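Under the heading region 'Disordered', TrEMBL lists B:1-37, B:91-115. Sequence annotations record features per position, and here TrEMBL assigns domain 'ThiC-associated' to B:28-95. Residues or ranges marked as compositional bias 'Basic and acidic residues' in TrEMBL: B:92-110. Residues or ranges marked as substrate binding site in TrEMBL: B:211, B:240, B:269, B:305, B:325, B:326, B:327, B:366, B:367, B:368, B:369, B:405, B:432. Residues annotated as Zn(2+) binding site in TrEMBL: B:409, B:473. Annotation source TrEMBL lists [4Fe-4S] cluster binding site at B:553, B:556, B:561.
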């Protein structure tokens with residue numbers, strides 16, 4: 001058993017020691033925060049640099065925000081620095097104003113509750129919690145569209161677009177073109193300057209969303225903030241806060257002020273809380289008020305179930321699992337209770353006018369998505385998709401950015417039809433799907449049943465995947481479930497990036513494969529999506545430190561290892577081109593005996609280990 | 001909060017109490033062992049019956065063997081009853097004979113070790129361990145082909161074929177036809193009468209294989225037997241014993257005598273042990289002796305790397321990860337050491353003559369499969385595939401059953417080409433693939449990276465999937481890893497069955513979806529691939545027993561639940577057909593107000609919960 005040169009391994013730790021911090025840092029010291037410098041001093045695009053034992057580095061896309069920069073001192077009560085503040089104000093098209101006054105019912109407290117009552121870290125304590133508050137909200141001056149779509153249409157490349165171009169390794173002009181055409185969105189509320197710009201569109205890296213949120217049954221504010229930063233640490237590109245019950249407003253404030261990624265919500269959930277959970281008591285006024293509340297806080301994209309039309313609701317009656325979207329069923333209940341058309345549909349233009357003044361991106365919700373593979377691709381689902389296409393055209397005409405949400409539960413042979421129809425009906429607006437689950441028989445493993453569908457639909461063009469955790473259909477995810485969901489969806493997204501031929505995607509796989517072939521175990525762990533788990537699994541079988549540089553795997557053991565043999569073959573045949581033969585002619589056969597002798601003379605070890 | 005009628009729940013337990021046993025039993029009392037009776041008294045085909053709280057049952061394919069039959073008393077030292085004994089002997093074409101004498105080197109003991117030395121539960125103790133031994137091995141009389149392929153070609157429907165037909169819910173004639181055409185295999189060594197017949201072919205349910213096996217580094221005999229029965233309990237259709245190091249012969253004997261599923265091996269691994277791990281010292285004679293040893297023990301299918309030709313080896317030199325198949329690299333090393341053609345290729349006809357006398361199925365190994373997505377679909381891989389196609393035709397002509405092994409590591413956009421080429425080159429012989437992994441960046445999660453590829457390639461026609469556990473590339477799987485690997489691959493296989501439209505596949509999903517929609521939580525758990533995990537995850541959030549029949553999920557909480565709303569919609573609209581409207585004409589609008597009043601008069605709860 002040979003051991004590797006230990007000095008190489010040490011240099012990684014040494015380099016990392018100066019560059020990383022354990023407090024809120026990366027899960028391995030070989031990950032190092034680095035920046036691409038843009039055209040202005042305050043435009044620095046973060047990425048993750050993986051330090052290799054060979055002295056080389058591998059740059060990877062990074063969503064973890066300032067927390068993983070050792071120069072940053074996190075303080076959840078101060079929030080993140082407002083990265084985009086100057087970019088927004090320098091455009092000169094926003095005004096700050098005296099925003100809507102927070103009310104007890106924003107946090108799910110009864111209208112009659114005296115304001116003086118302190119409930120946990122509730123709404124009344126916001127000023128105390130965030131010393132920077134009250135910050136006056138911003139909006140487009142005189143209702144101007146201050147959206148990245150509006151700028152892109154005007155031919156302007158904003159700092160946000162430049163940031164995204166550097167982040168993706170794509171020309172800024174491509175970013176602008178895709179945004180202008182509505183084929184991509186850059187969710188960036190002017191009231192969430194803390195977020196690092198990112199883009200969602202089929203020409204770019206596939207993105208993933210993690211859902212968090214307390215519910216009436218369980219969970220706390222601190223837990224949700226922790227889940228958000230935990231999810232982004234493992235690769236969540238956006239986070240949706242789906243809180244229900246108490247403290248919705250306050251939870252969201254904490255999340256927004258501490259989030260380096262765009263935050264999405266379903267305003268309907270909070271609106272429903274304001275009417276004590278009675279769907280029939282909802283109104284456009286309550287909804288509108290909630291949307292403005294959330295726009296002012298800085299929510300970057302909102303799921304709006306405006307496609308659940310009254311006439312579509314009966315189409316779900318024949319289904320095996322009816323309506324499974326919470327928002328969809330709330331609107332269906334409202335439509336039925338009033339026998340009127342969905343107020344989100346009838347007030348859609350006004351909603352667009354609100355959203356464009358803050359640059360909030362629509363995520364047009366698929367309220368009638370299938371809840372079982374039996375219901376996939378049915379009349380109700382595709383009827384709603386037609387309406388979402390129509391609404392998307394209206395929104396874009398009003399300069400509001402638009403994503404379209406998609407299913408859900410779809411067997412493999414029906415997935416592509418979803419993508420093809422969505423592209424056609426929705427003018428290639430970014431598709432944002434939940435899974436889809438490819439079978440319903442594995443509750444407890446729906447990250448996997450859906451990871452299969454997610455990888456496939458992303459390969460075919462879906463721009464963002466909403467993760468599914470192992471707890472889907474069973475309960476609320478804890479910290480471990482969030483990590484498992486994120487890692488599973490990073491796998492699906494990356495597998496799709498590779499299959500789509502994204503220029504930077506396969507380099508990562510190649511770097512890891514090289515490390516594997518060359519028995520650089522530490523590099524293999526550090527290049528993994530989850531170094532901790534890879535290292536732990538290895539150490540279970542071969543815990544001793546030398547094993548990590550040993551020239552064999554724990555699968556075959558020291559006596560024989562296929563990788564070892566292969567390295568020998570490479571050393572003999574070089575690039576192999578000269579040795580390629582399609583058969584054995586007389587001459588070749590004559591040469592074989594000579595080669596055999598040569599092989600044995602070298603001690604039967606044809607090749608030396610290859611190290612770059 | 002309404003609670004369900006508890007008497008329904010109780011009746012499941014009561015029915016189960018009489019039908020199930022905890023000792024070696026199913027993971028939930030609602031699973032019940034049942035049998036389809038065939039045309040002769042000793043032909044009883046097991047299946048798993050899931051007892052529902054509604055009084056109904058759902059029949060599922062079952063691989064767990066007699067262990068889950070409460071009438072069976074397991075005794076690992078007695079082994080399983082020889083189910084197929086009479087079927088084999090009554091055909092009158094086999095003879096029993098004095099087999100090869102076991103030798104110390106069969107268990108990896110040095111040739112010089114005195115036979116009297118007892119090493120663990122080693123070879124010398126076999127007779128003591130298995131009171132039934134020594135059983136004389138059987139083989140085809142005068143070298144006759146006693147294979148299911150030979151019978152199928154002659155138009156004979158064997159009891160094994162009838163068993164499989166009942167198990168799959170397919171006509172026996174279809175089974176015979178697919179076997180005769182070589183599009184399916186039924187691995188069933190005459191010396192493994194304990195196995196329950198199963199079929200591998202693209203017209204049938206997709207099967208999965210679990211690999212087990214001790215190695216030089218870790219693991220014991222008892223652990224491996226336990227892993228085998230554990231894997232079949234969760235759904236493994238076949239098991240490969242990939243043991244290396246000590247006690248190979250003895251481990252295999254234990255596994256075979258206790259296995260209800262076909263057992264596969266790679267004889268090359270044991271042959272290599274017999275020459276102390278030195279590939280260049282291998283010979284046809286050592287290999288042949290090992291094959292006969294394993295044929296006599298009852299191995300049902302053998303991976304044979306006969307396609308690794310000397311002229312293909314240099315094609316791997318340009319690869320990123322060379323040769324990663326252990327068997328492939330052993331043969332490559334041998335070819336290079338001798339500069340002679342692969343002895344498995346040059347002696348292939350003799351090998352066929354041995355295998356057909358026991359009905360051992362070839363699994364023609366893809367020794368040059370890619371070990372990274374960078375190497376997928378390259379010249380080396382497809383050159384070998386051509387040879388495997390050629391060898392398959394020779395084997396079938398000699399009445400030997402044949403599967404073809406496939407990759408490995410393949411990005412999504414290159415998977416279909418693998419399947420299409422294999423069908424064309426190998427005359428639709430069953431394809432048996434390892435994954436494939438769709439990306440290399442997630443060691444620790446390769447059950448998922450490969451589960452994605454496995455589902456896709458199975459949808460396109462792969463007949464059997466070799467599982468990958470979370471420990472792949474890192475270490476040897478433990479009990480939990482085996483379960484995770486099996487469940488993940490059952491998901492992939494079942495998702496493919498659904499996508500292929502196998503007649504029985506979607507009924508399972510539908511039963512679970514019905515249970516979900518109707519809040520029958522216990523039925524939902526019991527219909528899950530893994531009831532234990534589903535139940536545990538649910539109980540983490542809502543541990544109280546009443547929650548399992550509560551009419552809400554832990555995701556939305558008691559106040560609002562989309563499933564509840566949907567049930568109401570169904571109750572109002574019945575099958576929905578009469579209510580379908582494409583727009584609102586004057587008449588429709590007039591009717592809306594009336595419907596609204598009616599809705600409110602019913603208390604705003606339009607629909608009653610639907611229970612079958």
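Every residue gets a Cβ built from N, Cα and C, even glycine.
Unlike curated entries, TrEMBL annotations are predicted automatically.
Working note on the binding-site residues B:211, B:325: by count of other C-beta atoms within 10 Å of each C-beta, B:325 ranks first. Highest local Cβ density among the binding-site residues B:269, B:432 belongs to B:432, counted as other Cβ atoms within 10 Å over all protein chains shown. Neighbour density around each Cβ, counted as other Cβ atoms within 10 Å, peaks among the binding-site residues B:369, B:409, B:473 at B:409.
In the predicted model, residues of the domain 'ThiC-associated' (B:28-95) average a pLDDT of 95. Within the set of binding-site residues (B:327, B:367), the lowest number of other Cβ atoms found within 10 Å of a Cβ is recorded at B:327. Proximity to chain A, defined as a CB-CB distance below 8 A, holds for B:325, B:473 out of the binding-site residues B:325, B:369, B:473. A distance of 13 Å separates the Cα atom of residue B:367 (substrate binding site) from that of residue B:409 (Zn(2+) binding site). Residue annotation for substrate gives B:211, B:240, B:269, B:305, B:325, B:326, B:327, B:366, B:367, B:368, B:369, B:405, B:432. The furthest Cα pair among them is separated by 20 Å. The separation of residue B:369 (substrate binding site) from residue B:409 (Zn(2+) binding site), Cα to Cα, is 8 Å. The secondary structure of residue B:325 (substrate binding site), as reduced to three states from DSSP, is coil rather than helix or strand. On a Cα basis, residue B:473 (Zn(2+) binding site) lies 19 Å away from residue B:269 (substrate binding site). With respect to their backbone Cα atoms, residue B:432 (substrate binding site) and residue B:473 (Zn(2+) binding site) stand 20 Å from each other.
Straight-line distance linking the Cα atoms of residue B:473 (Zn(2+) binding site) and residue B:369 (substrate binding site), rounded to a whole number, equals 15 Å.
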